[in-house]
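Peer 1: From Swiss-Prot, here are the annotated features:
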REGION    11-93  region 'Ubiquitin-like (UBL) domain'
REPEAT    120-159  repeat 'WD 1'
REPEAT    166-204  repeat 'WD 2'
REPEAT    217-256  repeat 'WD 3'
REPEAT    290-330  repeat 'WD 4'
REPEAT    381-421  repeat 'WD 5'
REPEAT    452-487  repeat 'WD 6'
Amino acid sequence: MDHPTESGAQVRVTFTTQEEDIQLDESKRQLLVPADIRRYGLSRILNSESMLDTNSIPFDFLVNGSFLRGSLEEYLNANGLSLETNITLQYVRSLIPPTYEASFEHDDWVSAVDVLSATSPAGRWSGDNFQRGQDRILSASYDGLLRIWDASGNVIGTSPSGSHGGHTASIKAAKFLSSTQIASAGMDRTVRVWKYTESGESYERRGELKPTLELYGHTSSIDSLEVDGASKRILTASADGSIGFWTTSKASAPEVSDSSLLPGAHTSKRRKLATSVTAAQRGPLALMNIHNAPATAAVFDPRDRTVAYSVSQDHTVKTIDLTTSSVVSTFTTSHALLSLAALPRSSASAPLLACGTSARHITLVDPRTSTAATSVMTLRGHANKVVSLAANPENEYSLVSGSHDGTCRIWDLRSVRPATKDEGGMGSVSEPVYVIDRESQQGKKKKSSVTGDGCKVFSVVWDQLGIFSGGEDKKVQINKGRGVNAE
């Protein structure tokens with residue numbers, strides 16, 4: 001077989017893309033190019049006046065599902081292909097490596113992070129009530145407090161302590177419901193809904209978090225919380241193995257059915273008076289005991305809010321019909337599942353479910369397939385548990401993960417390869433395109449043999465403002481990059 005090693009060799013390529021705004025005319029899609037050309041040269045060809053005639057858009061190129069990392073010549077040699085091979089190149093806008101932007105200091109571990117912006121879910125749910133330019137970051141900490149930050153790293157508001165209506169133990173999860181409402185949950189087994197208001201001039205804003213609703217039903221720590229501001233609904237996953245379904249409406253929320261769960265049930269009268277608050281106390285719309293081990297995450301279907309998905313340390317992924325509080329399907333995986341994200345797909349009615357595992361990888365599951373099916377893809381690269389996941393808000397094919405190995409990793413599902421024999425030999429595998437390390441560990445000597453010890457990532461969220469992560473280093477870290485998010 002001939003190999004393209006001779007000087008001046010050329011290869012015929014066919015350019016394709018799935019991005020409508022950068023489609024080539026059909027007459028321009030096939031071209032002869034030098035065999036030794038690389039990504040940069042191909043990108044220049046596409047941007048040229050005779051092709052797309054664009055302002056230097058950086059492109060990456062996929063060949064058979066994998067990114068082209070060398071020259072076309074090297075690709076042909078590696079795959080035993082001759083010069084006569086017509087190579088189909090799918091071109092996509094490049095992701096630029098995310099750069100470190102800032103860190104916000106805390107007094108204790110940061111367990112959860114969320115963002116309020118014009119493009120975030122809560123920003124959209126707020127409608128006209130959200131003021132553009134007043135982006136906010138929400139953090140939850142093991143010290144039992146919520147904090148609201150402005151984009152400059154100033155704390156605008158802090159939740160009250162446990163004796164004044166706040167959480168009485170570490171907070172594990174928190175989300176914006178809107179620009180004026182927040183939900184949080186944690187180790188005190190409660191979900192708390194807060195009214196958030198701001199006052200003062202733009203250069204000296206002050207925020208107030210006032211507890212308005214306490215939700216009781218779980219009998220153990222609540223480790224995950226998901227919200228839908230449009231329907232005023234909340235999903236929770238608890239170490240008691242159950243999934244909670246709640247409303248933020250006091251009028252439609254049922255009374256607490258088990259009075260022993262209320263804070264005053266085992267407290268002296270003097271203690272009750274000292275900690276009494278005016279927040280209403282309500283129970284769940286449904287409490288579904290569907291897992292045989294701690295439930296670790298639950299999310300709404302991106303398109304159908306009457307459907308939810310949950311994962312657990314019992315190795316299962318469950319599809320839930322929220323109208324009947326029943327399990328529709330169960331998928332059993334090989335490992336304990338610790339995190340979950342639903343990735344919308346324009347070509348399918350159901351999302352792709354990304355499940356972070358205790359085995360250091362991410363399993364992608366299609367909930368439409370049979371209960372006997374295994375994962376459709378595996379994302380490998382982390383060196384410790386994967387405890388947080390977030391989809392890219394701008395496309396369907398990338399996500400970010402947070403791990404106890406002290407990193408966040410960005411994945412592109414268009415870049416895949418067959419699994420090797422050591423990886424089980426079945427399905428497809430993808431590897432991270434970028435790794436975000438903790439800035440707090442730069443220049444520090446490693447003190448422990450445990451990967452990620454002292455800098456575990458507990459939470460990550462992806463917004464057009466950037467990638468925000470919080471963890472064991474007591475910081476919220478912000479990373480930005482063109483293509484990864486808006487500049």
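Cβ coordinates come from backbone N, Cα and C, glycine included.
Help me picture these features in the structure, burial and contacts included.
Peer 2: For the repeat 'WD 1' (120-159), same-chain residues at least 6 beyond its ends with a Cβ under 8 Å from one of its own Cβ atoms are 102, 104, 106-114, 166-180, 182, 184, 186, 194, 196, 198, 205-209, 211, 227, 229-230, 393, 463, 465, 468, 470, 476.
For the repeat 'WD 2' (166-204), the residues of the chain that approach it from at least six positions outside its boundaries are 111-112, 114-116, 120-123, 125-126, 129-131, 134, 136, 138-146, 148, 156-157, 159-160, 210-216, 218-227, 229, 232, 234, 236, 238, 244, 246, 248, 261, 263, 279, judged by C-beta separation under 8 angstroms.
With a cut-off of 8 Å between Cβ atoms, the residues of this chain six or more beyond the repeat 'WD 3' (217-256) that come close are 121-122, 125-126, 172-178, 181, 183-187, 189-191, 193, 262, 280-300, 305, 308, 310-312, 314, 320, 322, 325, 339-340.
Same-chain residues lying 6 or more positions outside the repeat 'WD 4' (290-330) and placing a CB less than 8 Å from one of its CB atoms are 220, 223-224, 226, 228, 230-231, 233, 235-243, 245, 336-342, 344, 349-351, 353, 355, 358, 365, 367, 371.
Under DSSP, the residues of the repeat 'WD 5' (381-421) split into helix, strand and coil as follows: 1 helix, 20 strand, 20 coil.
Away from its own ends, the repeat 'WD 6' (452-487) comes close to residues 58, 93-115, 117, 119-120, 135, 137, 139, 149, 151, 383-384, 387-394, 399-408, 410, 434, 436, 438-441 of its chain (Cβ-Cβ under 8 Å, at least six residues beyond either end).
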Peer 1: State the non-local partners of the repeat 'WD 5' (381-421) in its own chain: residues 6+ outside its ends, Cβ under 8 Å from one of its Cβ atoms.
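Peer 2: Same-chain residues near the repeat 'WD 5' (381-421) but 6 or more away: 62, 65-67, 90, 92, 95, 98, 119-120, 338-346, 352, 354, 356-358, 360-362, 364, 427-438, 441, 451-452, 454-464, 467, 469, 471-472, 479, 484-485.
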Peer 1: Work out, from DSSP, the number of helix, strand and coil residues along the repeat 'WD 2' (166-204).
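Peer 2: Reading the DSSP string over the repeat 'WD 2' (166-204) gives 3 helix, 23 strand, 13 coil.
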Peer 1: Averaged over the repeat 'WD 1' (120-159), what pLDDT does the predicted model reach?
Peer 2: 93
